[in-house]
């Protein structure tokens, strides 16, 4: 008798399934993209026929952080949090089996459609997201990396929180954290300042995510991330670039999220009672945009396959003609990119590089093959420090990646390096900030001298940031080398 596809969801993998090789339990269908620490694949659970997501993590990655992610997912049982089914060790990879969300992340949908979201769509997504945060915070857990790339949608439109690679749990002995972790543009001021933080740090990130969904990118996305880190704690809370495009309810919701004093910031439970969320429409309003995004993805996949087949045929012809193999750069040639267009208001077009920015900062990007190749070349699988000093700031991976991308183009960037070295020499020592913080001497300078100092301020700060980054890497590299040496010794036993 033919077994019908089960209506009940897969709750957990059986003990029998966990003793088998993962290939016996699952059929892996396709690669979905890159998440924190590893690649994510779509697969089918053979016994039940249920589609799942499998994150394959190299064991060289930071196992402590991966185990933390699994531990957090195991403890969660909510419709608004991605479910965990079990895990396997296979050769040098850890396979983490999770709930599959067929529509991908909110940032994927924005990128594929090349459109920002409407207020109604944002409100519906935020309602589910807040319910997920309310659950996590009730369990005394902080997500710490809330952004559009970590909010996944299933095909029905239900939003679920994902990617607990940097999530942490509050305990009685450690009620507040003082480690900088997460993605720079979404980070709360108290997180950047390392003055200790709690669950409402996620609420600030949710406010930034609201602006991201409305405008296509977070505030400060156009400036250097290190400069944003300086600006977020000192500047007033960010707002919409064109507030007149949005209703008072939405503007007030974002304002309540982006309160700089965490003690005065609203909680997830309080925000669920906000009129903007209380009046949110059902998830059915998201089905059209999900269908549109999935259709675009399917068409691009077909076009990519067609181009790859044509290139394979051409390479075979070239080989026959010249008796030499001709290598084709199929990945870069076949990857679709959204055109650069406007980025204003609801249902407006956005620049592709504003959403692609997130992929460099840890957001999963569906079928972004060319970026995957770059990540494999420079080996920047997300790593947080495992020493007692606390995790490494995730945003530092962004700078490492930028450095590695720039290495093959040293000649192209020669002028930039020359400008940097020139700028280092044009600032007299007496232009540095006085150690005692006494700026009275400025009163004696002429207007022209004050103008020159003001113009020189940004280059001076860039220089200080570069010096700081180099000192950081100089201290970090010996620690990583020592860790790698210990791992190699352990593998030899």
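Just so you know, glycine gets a Cβ as well, placed from its N, Cα and C.
Features of the protein shown, as given by Swiss-Prot:
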| type | residues | note |
| --- | --- | --- |
| DOMAIN | 26-277 | domain 'Protein kinase' |
| BINDING | 32, 33, 34, 35, 36, 37, 38, 39, 40, 55 | ATP binding site |
| ACT_SITE | 145 | active site, proton acceptor |
| MOD_RES | 179 | phosphothreonine |
| COILED | 286-327 | coiled coil |
| COMPBIAS | 308-320 | compositional bias 'Acidic residues' |
| COMPBIAS | 325-336 | compositional bias 'Polar residues' |
| COMPBIAS | 369-378 | compositional bias 'Acidic residues' |
| COMPBIAS | 398-410 | compositional bias 'Basic and acidic residues' |
| COILED | 444-477 | coiled coil |
Sparsest-packed among the recorded positions, when each Cβ's other Cβ atoms within 10 Å are tallied, from 34, 145: 34
DSSP three-state assignment for residue 34 (ATP binding site): strand
Residue 40 (ATP binding site) CB neighbourhood, other CB atoms within 10 A: 22
Rounded Cα-Cα span from residue 145 (active site, proton acceptor) to residue 38 (ATP binding site), Å: 17
Rounded Cα-Cα span from residue 34 (ATP binding site) to residue 145 (active site, proton acceptor), Å: 16
